[in-house]
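> Can you keep this structure in mind? I'll have questions shortly.
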Amino acid sequence: MFIEPSIGKSNPKDKKGHIEVICGSMFSGKTEELIRRLNRALIAKQKVEIFKPSIDKRYHEFDVVSHNESSIRSTPVQFAEDIILLAGNCEVVGIDEVQFFDNRIVHVATVLANSGKRVILAGLDMDFEGNAFEPMPQLLSIAEYVTKVHAICMKCGDLASYSFRLSATKDKVLLGEKESYEARCRKCFFEDKDK
Ligand SMILES: Nc1ncnc2c1ncn2[C@@H]1O[C@H](COP(=O)(O)OP(=O)(O)O)[C@@H](O)[C@H]1O
Ligand SMILES: Cc1cn([C@H]2C[C@H](O)[C@@H](COP(=O)(O)O)O2)c(=O)[nH]c1=O
Ligand SMILES: [Zn+2]
């Protein structure tokens, strides 16, 4: 269980920002965990802004929605830099599906944290081939707090860290849900990967 480093109100001048990353495979609970942290910040009456890349319109144009249908209002943005302006004077910034931003998200997260904000980023750490999903490696390096969550392997029921693509498409970006992907453990992922 992740314990919030500090959540109460304090003088904004004294606030040190930081970066939290929530990573894992598809269906591992990244979005649920992001929503949980953001809702707790809202309960603490903090100013919260939530963003997602505008290409991710799977469930809803504006909301960040988990596979379990929990949701929170967000602002879709095309470019990572848009977040700096739109974050304004908020205290907490949440960003879902960070793997769909380019490397400039690393600079954006740094600027936001250096200006005293709590920055919470959620996204895939690996693509459908089991390779690192840029820019997640850089984000993991600069984060103060990293949480890796796990799904359940759809083949054997063990813990899953991989997102197995059910179609033959080789494009790195292929938006989808259960019709296109399933969570797999290492063994079940690699034994079927190149079949
Ligand atoms: N294979 C699976 N393993 C775990 N949870 C699953 C699986 N398939 C569907 N789910 C559902 O997905 C929810 C997590 O959804 P979500 O937070 O959107 O995950 P992520 O953002 O990591 O894709 C779980 O609470 C569960 O209801
Ligand atoms: C593995 C992988 C996934 N995607 C897409 C599929 C989904 O639209 C999102 C991940 O969503 P989730 O909230 O983590 O379930 O990413 C992709 O485009 N390419 C991939 O390799
Ligand atoms: Zn398995």
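Quick reminder: no glycine exception, Cβ is built from N, Cα and C everywhere.
Per TrEMBL, active site, proton acceptor is recorded for Glu97. The ATP binding site annotation in TrEMBL covers Gly24, Ser25, Met26, Phe27, Ser28, Gly29, Lys30, Thr31, Asp96, Glu97, Val98, Gln99. Residues or ranges marked as Zn(2+) binding site in TrEMBL: Cys153, Cys156, Cys185, Cys188. Feature annotation from TrEMBL assigns substrate binding site to Val173, Leu174, Leu175, Gly176, Tyr181.
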> Quick one: of Asp96, Glu97, which of the recorded positions has the smallest count of other CB atoms within 10 A?
Glu97
> Going by DSSP, is Gly176 (substrate binding site) sitting in a helix, a strand, or coil?
coil
> Taking just the CA atoms, what is the gap between Val173 (substrate binding site) and Cys153 (Zn(2+) binding site) in Å?
22
> Got a sec? Which of Met26, Asp96, Leu175, Gly176, Cys188, the binding-site residues, have CB under 6 Å of any ligand 2 atom?
Met26, Leu175, Gly176
> Just jot down the residues in the same chain as Leu174 (substrate binding site), at least 6 apart in sequence, with C-beta under 8 A of its C-beta; none if empty.
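Those within reach of Leu174 (substrate binding site), by Cβ under 8 Å and sequence separation of 6 or more, are Phe128, Arg165, Ser167, Ser180.
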> Check the binding-site residues Cys156, Val173, Cys185, Cys188 for any whose Cβ is under 6 angstroms from an atom of ligand 3, and report them in sequence order.
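If the test is a Cβ under 6 Å from any atom of ligand 3, the answer is Cys156, Cys185, Cys188.
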> How many Å separate the Cα atoms of Lys30 (ATP binding site) and Glu97 (active site, proton acceptor)?
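Their Cα atoms are separated by 9 Å.
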> From the binding-site residues Cys153, Cys156, Tyr181, Cys188, pick the residue whose C-alpha lies nearest to the C-alpha of the residue listed as 'active site, proton acceptor'.
Tyr181
> Could you tell me which of the binding-site residues Asp96, Cys153, Cys156, Tyr181 have their C-beta within a distance under 6 angstroms of some atom of ligand 1?
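Qualifying residues: none.
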> In whole Å, note down how far the CA of Gly176 (substrate binding site) lies from the CA of Asp96 (ATP binding site).
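It is 15 Å, counting Cα to Cα.
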> Of the binding-site residues Cys156, Leu175, Gly176, Tyr181, Cys185, which sits closest to Gly24 (ATP binding site) by Cα distance?
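Minimum Cα distance from Gly24 (ATP binding site) across Cys156, Leu175, Gly176, Tyr181, Cys185 lands on Cys185.
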> Measuring Cα to Cα, tell me the gap between Cys188 (Zn(2+) binding site) and Ser28 (ATP binding site) in whole angstrom.
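Cα to Cα, Cys188 (Zn(2+) binding site) and Ser28 (ATP binding site) are separated by 16 Å.
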